[in-house]
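See below for the structure under consideration.
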Amino acid sequence: MFEKLINHKWFRFVESREIRILILFGLLFRILLSLFYLNISQFPDSSSFMVLANRMLEFNLIDYTGERSPGYPLLIFLAFGFKPLVVLYQFVIGILTTVVWFKTLMNFGFNNRQSLWIAFFLQSFIHVYFYETSILIESLALFLISLIFYQLTTKYLEEKNFKKDLLIGLLLGFLVLVKPFFAYIPFIIYAFSVLKSFSFKNFISSKILILFFPLIAYFGWSYINKVNTGYFVSTTYFGLNLSQNCVHFAEKAPDEFATIRTIYIKNREAALAENSDVAMAIWRAEQELIEATGLTYFPDLSNELGRFAKATVGNAPKEYCYQVVFVSWIDFWKTYICWNPEKFKISEIRIFFEFIWVIQAPILLLFKLLFIGLLPIYIIRFFKTKQLTTEILLYKIIFASSILQAIVTYGTNAKYSYPFEYMMVILVLLELKRNTMLFKTKTN
C-alpha cells in the first residue's frame, strides 16, 4: 500500500524516492493533525498583517500607518485575504521546507537514509504544524531561511556564480520584506565571502549583489513609511518595541517622560499581580497612553515611546545590559509554541498533544543548549585550521540573531529562534557524526 502511494503518478515528477516519502509523510501528517485541530489561529500580531493585506488587495497604500512590512501580507494577498487558503499555502510551504532540509543534510555529508530520518525528526515537532495554522510570519520566514542556508551549503563561499548571487540576493531581499530584522544577514554573508580569501582585489566582488535587493527592500519600504507617516522606519512598531526593553527599569526614565513612566509602571505592576506576561505591559497601556499624551496617531505614539526608551536606557545602562544578556538573550534559546489548545475538538486529544509538547520541548531545548556548547569547539577549530567554513558562517548568523533581537526588543523572544532551530539540530548532529560512531552506517 505504502509503495503504491509513493509510486503514484502524482509523485512521478519527483525522482528521489526519499523526497517522495517526505512529501507523502508531510501530507498525511498535516491531514491527520487537521482532523483534530482544524483551526486558524490568530494572535495579536495577526490583525496588523491582515490590515496591510487588505490595503494591498485594494491597491491602496496611501496613509498606511506602517505597522508591518509587505512580505507576509503578500502571501495573504495571493490568497485573496481568504485565511483557509493562507493556511493551505503554509502547509505546502512547510512540506517544501522539509524537502529543502533533506537536500541540506545531503550537502552536509549525511547519506540518503540519515537525511530522511533527520528530516522526519525535524518535521515531527508539533510546533512546526501549529505555526503553519497561524496567521504569523514564522512559516514563511523558516522557508526562506531554509532556502538561503541550503544555497550556502552548496559551496557558495568557494564559488563565483552570478546566477547564485542573484538568487540569494532575491531571497534575502524577500526575507527582509517579511521581517526587516533579518537585514543583518546579507552583510554577514558578504563579509564572510570577502574574508574567506581576503585580498584588496576581491574586497568588492560579484557577491556584493546579495546586498542590493535587501537594501532596496529595507530602505524602499522605509521610504514609503516616511511618505505615509513622516517617519523613516521599516515598521512604526519600532519605538514601541524598543520601549519593551525598559519594562523592568521604567522608574529610571527622566522626568521629561513622567507621564509615560507612571502609566508604564502601573501597567507593569498590574501584569505582575495578574501573573500575566510583563513584557506586554506597554501594549496593555497603549490606550491609556493615547489618552494621557494626546498622541492619537500611532506612529507619533510609537516614536515618542522610542524617545522614552533611548532616554531610559541612557539613564540605566547597567539595568539595560542585564535585561539584554540575562533576560532577552536567554529567552531566545527557550522553546515556544503558538496554538490555541481550547480549539481541539476532543479534550483527550488536546491532553495528548499537550503531553507530546511536554516531551518535545525539552528535547528541542537540549539541542539548543548543545548548540551553544559547541561554540568553543568551533572557535578552537578555527584557530587551528584558520578556515572560515559554512558551519562557522551559520553559527555566526544564528548567534548574531540571538544578540541583535535581545538588543532591540523584549517579549516572546523565543519566536526569533524558531527559523533557526532546525539548523541548530543539524549542526549538533553534524558534530556527533564527525566525532562518534552514531552515524557510521553503510552509505546509500
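Even glycines carry a Cβ here, placed using N, Cα and C.
Within the same chain, residues 5-6, 11, 14, 83-84, 86-87, 91, 94-95, 98-99, 102, 116, 119-120, 123-124, 126, 129-130, 132-135, 339-340, 343-346, 349, 353 sit at least 6 positions outside the transmembrane segment (21-40) and bring their C-beta atoms closer than 8 Å to a C-beta of that stretch. Under the heading transmembrane segment, TrEMBL lists 21-40 (among others).
Feature annotation from TrEMBL assigns transmembrane segment to 74-102 (among others).
Feature annotation from TrEMBL assigns transmembrane segment to 114-130 (among others).
For 136-154 (among others), the entry in TrEMBL reads transmembrane segment.
Within the same chain, residues 69-72, 74, 137, 140-141, 144-145, 147-148, 151-152, 156-157, 207-214, 216-218, 221, 234-235, 388, 392-393, 396-397, 400-401, 404-405, 408, 416 sit at least 6 positions outside the transmembrane segment (166-192) and bring their C-beta atoms closer than 8 Å to a C-beta of that stretch. Look at TrEMBL and you will find 166-192 (among others) tagged as transmembrane segment.
The transmembrane segment annotation in TrEMBL covers 204-224 (among others).
Sequence-distant neighbours of the transmembrane segment (357-380) (same chain, 6+ residues past either end, Cβ-Cβ under 8 Å): 124-127, 333-335, 337, 391-392, 395, 398-399, 417, 421, 424-425, 427-428, 431. Residues or ranges marked as transmembrane segment in TrEMBL: 357-380 (among others).
Annotation source TrEMBL lists transmembrane segment at 392-410 (among others).
Nonlocal intrachain contacts for the transmembrane segment (392-410), taken as residues 6+ away from its ends with a CB within less than 8 angstroms of a stretch CB, comprise 149, 152, 157, 181-182, 184-185, 188-189, 192, 241-242, 244-245, 247, 279, 323-325, 327-329, 331-333, 371, 375, 378, 382, 416-417, 420, 423-424, 427. Residues 61, 64, 66, 69-70, 160, 162, 165-166, 168-170, 172-177, 180, 183, 185-187, 189-190, 193-194, 232-234 of the same chain lie 6 or more positions beyond the ends of the transmembrane segment (204-224) yet place their CB under 8 Å from a CB of it. Within the chain, the transmembrane segment (136-154) has long-range Cβ neighbours (under 8 A, six or more residues past its boundaries) at 43, 45-46, 49, 71-72, 75, 90, 93-94, 96-97, 100-101, 103-104, 107-108, 164, 167-168, 171-172, 174-175, 178-179, 182, 185, 189, 338, 390, 393-394, 415, 418-420, 422-423.
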